[in-house]
Structure formats: structure tokens, C-alpha cells
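K.L.:
So TrEMBL lists these for the protein:
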type	residues	note
DOMAIN	4-328	domain 'FAD/NAD(P)-binding'
BINDING	Gly181, Gly182, Gly183, Val184, Ile185, Gly186, Ile187, Glu188, Glu204, Gly272	NAD(+) binding site
DOMAIN	347-456	domain 'Pyridine nucleotide-disulphide oxidoreductase dimerisation'
ACT_SITE	His445	active site, proton acceptor
Amino acid sequence: MNSFDVVIIGSGPGGYVSAIRCAQLGFKTAIIEKYSTLGGTCLNVGCIPSKALLSSSHHYAELAHFADHGIEVSGEVKVNLEKMIARKQAVVDQTSGGVKYLMDKNKITVLEGLGSFVDATHVAIAKADGTSETVEAKNIIIATGSKPSNLPFIKIDKERIITSTEALKLKEVPKHLVIIGGGVIGIELGQVYLRLGAQVSVVEFMDRIIPGMDASLSKELTKVLKKQGMKFYVSHKVKSVERNGDAVTVQAENAKGETITLQGDYSLVSVGRRPYTDGLNADKAGVKISDRGMVEVNDHLQTNVPNIYAIGDVVRGAMLAHKAEEEGAMVAEILAGQKPHIDYNLIPGVVYTWPEVAAVGQTEEQLKASGVEFKSGTFPFKALGRARASGDLDGFVKILADAKTDEVLGVHMIGARCADLIAEAVVAMEFKASAEDISRMSHAHPTFAEAIKEAALAATDNRALHV
Ligand SMILES: Cc1cc2nc3c(=O)[nH]c(=O)nc-3n(C[C@H](O)[C@H](O)[C@H](O)COP(=O)(O)OP(=O)(O)OC[C@H]3O[C@@H](n4cnc5c(N)ncnc54)[C@H](O)[C@@H]3O)c2cc1C
């Protein structure tokens, strides 16, 4: 029987990063993946393919602004969806191949098949050809990720009533895509098909889209997306989703009990994701799973069984690839006797629409709820030279700082390139910067990053320069 220091179940960003870090630290490491491609949700049906389609559709949407820039396009410009999807798949294949390369380079054993616990130190791998192999491990890391959630009364047929996985490989642009759930995944994929010509309606149970983020971001994103043609039905509870041939009918009810009926040809159900432990037989190792299906862990990501850890989407916290990666590295370092730490408050959240939305730290709503006195500085992108030069005028940067100490408590931004700009805020907050610290740092001119400096100036003493 093959024996390892560490066996990792699941090759998503949590699992494969953990495997690399384990190997770097000198552990004999194996990773088990039930699919033939490595990289998990993120690389195969999540972050990477969705960003590929967002990029392709963004290029197409940009055409509408070419004339403003003095570029005249003669002849018809058409979307070739088949080619767009094929390009996306090529990006995915290349990225997944890159993970395989990294496994080989770090001498990590890759075992293909469904991993399930035999006991606390043995995992059986059921292979596609019907054979099975059992490996022994001193330590085991559960990194089995998540799957799309559903509402109990919706029958997802994967053809017309679909999840994000099918939305990444449609064969036609929907005429009317009805999206159930206005979270990050629904909004991103909604913008892809909106740009490609679909009518897009979003039904959201809460009173706003991207409800976990600062309300100001949600308001601005709604405004911009409405301008682009997306329709929103917030504070609406979906009651039924029915397919009839190629048509899908969605009925939803508002707080007053009034019903709306939306007729579409596709409905994307994006109501969140659930931790995935199907087939894992966690009980055979004695590992506790919560009522909500999560693997229970302590602050060190250790389960109730001392040699078994769990990371990523399958444990509590934000379901984000970079959170899973940090946890993967952390567990490897704990196993090596180090004392790593993750500041979960500093895990940034991003929506890759255009304008992009990004945030780190506390929202205004959270600060108010916890009674923290804070001050706020905001700077609009339209006052930036760089934004005017490119024509990306929507959005703002908002910095929230402690009223007494001036320490930055939260940074919330929507606008061009915010997905990358948020890194400055993370660095600043990691080093406990004050708003004044940021305001006194030189920011290259003209850049979008100047909005951060200006928002910091506004938060410091209400002394932004360019408004
Ligand atoms: C459409 C979409 C877009 C997204 N975009 C972003 C984004 O832009 N940024 C971001 O940070 N996050 C994004 N996410 C979320 C991100 O994909 C997840 O947070 C991330 O993949 C979680 O990583 P993980 O390693 O915990 O699990 P996963 O990536 O889910 O990987 C788990 C792996 O374990 C395997 N597995 C499960 N059970 C077993 C078993 N018993 N035996 C063997 N293998 C098993 C699965 O097959 C899978 O490959 C997106 C998700 C979706 C769906």
C-alpha cells in the first residue's frame, strides 16, 4: 500500500496550492481528484472560464464606444458564440494543464478517482475503470469544495433551467435569460449574455443585488447595469420555475403578495453554493459535518479528528478561490510546525463585471451595526483624468476610517480596474495604515489608483484635491 505524509482530497485552488506548499516543506504528498482535469471548480467551471467569457464579451461591448474614440468600423461585427466558448475552453485546458505541470514539478502523486475515507488514516480511491486503490496517510486534508445550490421546488434540467456550469457553455445566446439570484455569479454571467444581446432579468430575494457588499456598491452597480439594459426584481421571492418546451416561466412574489411572471427561454439558478462532501464517507473517519453540510473546523482548520484538516469552500467563510489558497498554504505550514495566520477580514471580494466592484474590510452597514465610530471619504472616477482619457467614468472609491485613530477599516470601490486596485487597499490595511498614510503616498498620474489617494484625502480631512 502506498503511504504518504499528506493526502489531499480535491484539486481545486485549496487542494492543489496546499499540495505544492506541502511538497515545498518536504512532505511526501498525494492529491486525489475525481475528475480527469485538475483545478476544481475555479479552473474548470468557475473563476477562469467566467472571466474568459467576461473578457470576450467585454471586447464586444467596447465596440459600442469605438465611434467616440474616432474608430470607424465598416461591415458587420458578429458574435460567434461557438468560437467564444471554444476559446474559453482552450484557456481552461491550458490552465488545468498548468496545474498538472506544477504537480509533476513538485513530485506530487496525482491519484484520479473518487476519494472516500476508510478510516482516519486510509483513503480509498474508486477509479473510472471500476478498480480501486487504498492509500495510507499520516495527515489528510479535505478540499472537496462546493456545488451549486438549488431551491427545493426547482428542477434543474441543465438544458433550459441551468446552473453556472451550463451557462458557461451555452450553444446560443438566450433571447431572455431569467436569473434567479443577484449574487456575484448571477450578475457576472448575466452581464456576459446581456452584452451578447440577450434580454436579462434578475430576480433577487433580498432588497438589493450583491447583498453581502457595501450598500453603496450595490446601488451604483444596479444603476450602471440598468443603464446597460439589465432588469431587476429585488425583494421578490421566486415561487415557481417551469419549463414548457423551449420556454421557461418564472413566477415571483413581492412583500405585498403581488406576483410577477417572467417568460424566458433560459433560467439561470444562481442561489449560492453548498459545501460538497458527497461520497466522501467522512463518518468512517469520525469527521463531523455540520447541519449545513460544512466540515467543522477549529481556528487551525483542524477537524474533530486531529490528523484531518479541511479547507476552502467545504468549510466556513467566504467561498472564494484566494481564501481557499490561503487556507491550503496555512494547513501545510501548521503540519510543518509553523505558526501561520489568516486575517479573514482582509480577504478581498471582487465582482468582475465592468465596471468592476471590489472591497476589503468592513462595510458601512457592519460598522454601524457594531457601533464603531467612523468617517468616510469618497472620490468619483469621473473626476479622474485617467478615467476621462479612457472613457470609463462610472464608479467611485470609498474609504472608511476609524473616527479617532484614522485607521482604515474598509475600502469599497466600483469602477475600471478595481479588481486589481483593491490590492493596494489590502496592503495598506495589512500594515494598519491610516487614511492619512495612503493620502501621503505618491500615486502615479494619470492612473485609476489616484482615486484611492483622493478618497483617502477625503477621509482624512475632507481635503480631496480634484473635486
Ligand atoms: C461561475 C463561478 C465563478 C467564480 N468566480 C470566482 C472568482 O472570480 N474568484 C474567486 O475567488 N472565486 C470564484 N468562484 C468560487 C471558486 O471557484 C471557489 O471558491 C473555489 O473553487 C473553491 O476552491 P476549493 O479548492 O475549496 O474547491 P473546488 O474548486 O470546488 O475544488 C474541489 C475539488 O474536489 C473534487 N472532489 C470533491 N469530492 C471529491 C472526492 N470525494 N474525491 C476526489 N475529488 C473530489 C472536485 O471534483 C473538485 O475538483 C467562482 C465560482 C463559480 C461557480
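Glycine residues also receive a Cβ, built from the backbone N, Cα and C atoms like all the rest.
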K.L.:
Find, for the listed binding-site residues Gly181, Gly183, the residue with the lowest Cβ contact count at a 10 Å cut-off, counting only other Cβ atoms.
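P.N.:
Among the binding-site residues Gly181, Gly183, the sparsest Cβ neighbourhood within 10 Å belongs to Gly183.
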K.L.:
By DSSP assignment, list the helix, strand and coil residue numbers for the domain 'Pyridine nucleotide-disulphide oxidoreductase dimerisation' (347-456), in that order.
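P.N.:
Within the domain 'Pyridine nucleotide-disulphide oxidoreductase dimerisation' (347-456) the tally stands at 40 helix, 33 strand, 37 coil.
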K.L.:
Which binding-site residues of Gly183, Ile185, Ile187 contact ligand 1 in the sense of C-beta under 6 Å?
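P.N.:
Near ligand 1, sequence order: Ile185.
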K.L.:
Around the recorded NAD(+) site, report the further residues of that chain (criterion: Cβ within 8 Å of the mean position of the Cβ atoms of Gly181, Gly182, Gly183, Val184, Ile185, Gly186, Ile187, Glu188, Glu204, Gly272; site residues excluded), sequence-ordered.
P.N.:
Ile179, Gly190, Val202, Ile209, Ile210, Ser270
K.L.:
Of these binding-site residues, Ile185, Ile187, which scores lowest on Cβ atoms within 10 Å?
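P.N.:
Minimum Cβ neighbour count within 10 Å, taken over the binding-site residues Ile185, Ile187, occurs at Ile185.
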K.L.:
For His445 (active site, proton acceptor), just count the other CB atoms lying within 10 A of its CB, please.
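P.N.:
That number is 11.
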K.L.:
For the C-alpha pair, I'd like the distance in angstrom between His445 (active site, proton acceptor) and Ile187 (NAD(+) binding site), rounded off.
P.N.:
32
K.L.:
Identify, in sequence order, the residues in the chain of Glu204 (NAD(+) binding site) that are 6 or more apart from it along the sequence and have a CB within less than 8 Å of its CB; answer 'none' if there are none.
P.N.:
Gly181, Gly182, Pro211, Phe232, Tyr233, Val234, Ser235, His236
K.L.:
Indicate whether Glu204 (NAD(+) binding site) is helix, strand or coil by DSSP.
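P.N.:
DSSP call for Glu204 (NAD(+) binding site): coil, neither helix nor strand.
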K.L.:
Just how spread out is the NAD(+) site if you go by the largest Cα to Cα distance in Å among Gly181, Gly182, Gly183, Val184, Ile185, Gly186, Ile187, Glu188, Glu204, Gly272?
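P.N.:
So the maximum pairwise Cα distance among the NAD(+) binders is 14 Å.
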K.L.:
Could you tell me the mean pLDDT the prediction assigns to the domain 'FAD/NAD(P)-binding' (4-328)?
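P.N.:
PLDDT averaged over the stretch: 97.
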